[in-house]
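According to Swiss-Prot, the features are:
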type    : residues                      : note
BINDING : MET13, CYS113, CYS116, HIS117 : heme binding site
BINDING : MET13, CYS113, CYS116, HIS117 : heme c binding site
Amino acid sequence: ADGGTHDARIALMKKIGGATGALGAIAKGEKPYDAEIVKASLTTIAETAKAFPDQFNPKDSTDAEVNPKIWDNLDDFKAKAAKLSTDAETALAQLPADQAGVGNTLKTLGGNCGACHQAYRIKKD
């Protein structure tokens, strides 16, 4: 996932989506609480969010798949990704111990996702 390609960005978001989905299944009670899955999912989110801004190269500022607002607000964009990573690391350090804890963690992480997507994601039809 180097070079900041469109495919690399999609692959990273899919990793976060998969990890979030695994946490969501536990939070909703669709899957039993499993500390290893929670740990793995939070680790994936923390590491992937940290790497995500590196996939945006200002030299690719003509890429139609990239919202131009990212270039205008690169520090904010990076800060939003860093907050998601930090919040996932914090959750990892205080590992949610049950379904409710996973749900509360997801609310925090989901807020980070929403804030960045609202500001920077290009809506597809």
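We count from 1, first residue shown onward.
Any Cβ shown, glycine's included, is placed from N, Cα and C.
Cβ proximity to the heme site centre (mean Cβ of MET13, CYS113, CYS116, HIS117, cutoff 8 Å) flags the following additional same-chain residues: ILE16, LEU84, ASN112, GLY114, TYR120, ARG121.
Residues MET13, CYS113, CYS116, HIS117 are listed as the heme c binders, and the farthest two of them sit 12 Å apart at their Cα atoms. MET13 (heme binding site) counts 16 other C-beta atoms within 10 Å of its own C-beta, drawing on all protein chains shown.
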